[in-house]
Amino acid sequence: MTSLPLQVHRAFLQSPSRYFGWVFAASLPFYALGILAPQLKRLIPFGLPISTLMILCPAGVAISLTYRHEGQAGVRRLLGRVFDDRVIPNKTWLLLSVGIMPAAMLLSYAVQRLLDPSLPQAVWSLTLVFSFAVYFFGAISEELGWTGYALDPLQHRYGCLMASVGLGMLWWLWHVIPYHVTGRSTDWILWQGLATVMFRIIMVWIYNHAGRSVLTSILFHAAINTSIDAFPVSGSHYDPKVMGLMLLGLTLLVAVGPKFLTMVASPKRVDPR
């Protein structure tokens, strides 16, 4: 894996909490607006709370810290990672970035229909394409920070899995207040924590196989939001419990399944003596 510029690498490795602390601190005014001025949600597409504007913080803090340690050249390199498809060795990873979440959404919806036949029929239209475009630009600001700035140093320090889980947990915690403001139950929020960690594990898996392309994470992030919106009644029937457990099971199957099948197919030889 290619190293990040040394100054940023060292600064982040010495204090990863500094970046995340600044992101959470910068988000506080938006949290407050979401709680104190809920009527402002009409200014945001899809009826999202005004606290949604906190999506500007991960990239904003990353750009500020990069400028401090690397200057304008570092900022240009960071921004250049937004559309870095040229580093992807196999463009199939772009398709996976966009396609995994719609497939997961369809499977999750099918499971929910089996569990509850009264679940409303999903109605999909071309408006989802518009939703994806909106979410894509929103995802740029988040993933430029989470993936473009923070992920590589985290993987260098903690390894792929721990970095994925840790970043996923922080990503979820960062969303807890907006979830609460929109009226989500405690149970829903907790299960969304599992789903969010699973989303991030898959995103990092794709990222690492796609030449460390931040674009793949942006596309996957946009696909998450669009797929949730595709559930009946503007996503209100999305169940993170079903989604989280399903993705956990599929991830374990992909990770452990081949090893298990190899063990079954290659039993130990018994010494005839």
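Just so it is clear, glycine is given a Cβ too, placed from its N, Cα and C backbone atoms.
Remember, TrEMBL labels are computer predictions, not curated facts.
If you check TrEMBL, you get these features:
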DOMAIN    126-226  domain 'CAAX prenyl protease 2/Lysostaphin resistance protein A-like'
TRANSMEM  20-40  transmembrane segment
TRANSMEM  46-67  transmembrane segment
TRANSMEM  93-111  transmembrane segment
TRANSMEM  123-146  transmembrane segment
TRANSMEM  158-177  transmembrane segment
TRANSMEM  189-207  transmembrane segment
TRANSMEM  245-265  transmembrane segment
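Just going by CB pairs under 8 A, the stretch in 93-111, 123-146, 158-177, 189-207 that sits most against the transmembrane segment (46-67) is 123-146. Counting residues per DSSP class in helix, strand and coil order gives 91 helix, 0 strand, 10 coil for the domain 'CAAX prenyl protease 2/Lysostaphin resistance protein A-like' (126-226).
Packing against the transmembrane segment (93-111) from elsewhere in the chain are residues 85, 119, 122, 202, 206, 209-210, 213, 215-217, 219-220, 223-224, 226-228, 230-231, 238-239, 242-243, 246-247, 250: each is 6 or more residues past its ends and has a CB under 8 Å from a CB in it. Same-chain neighbours of the transmembrane segment (20-40): 49-54, 57-58, 60-61, 64-65, 145, 150, 170, 174, 177-178, 181, counting only residues six or more beyond its ends whose CB sits under 8 Å from a CB of the stretch.
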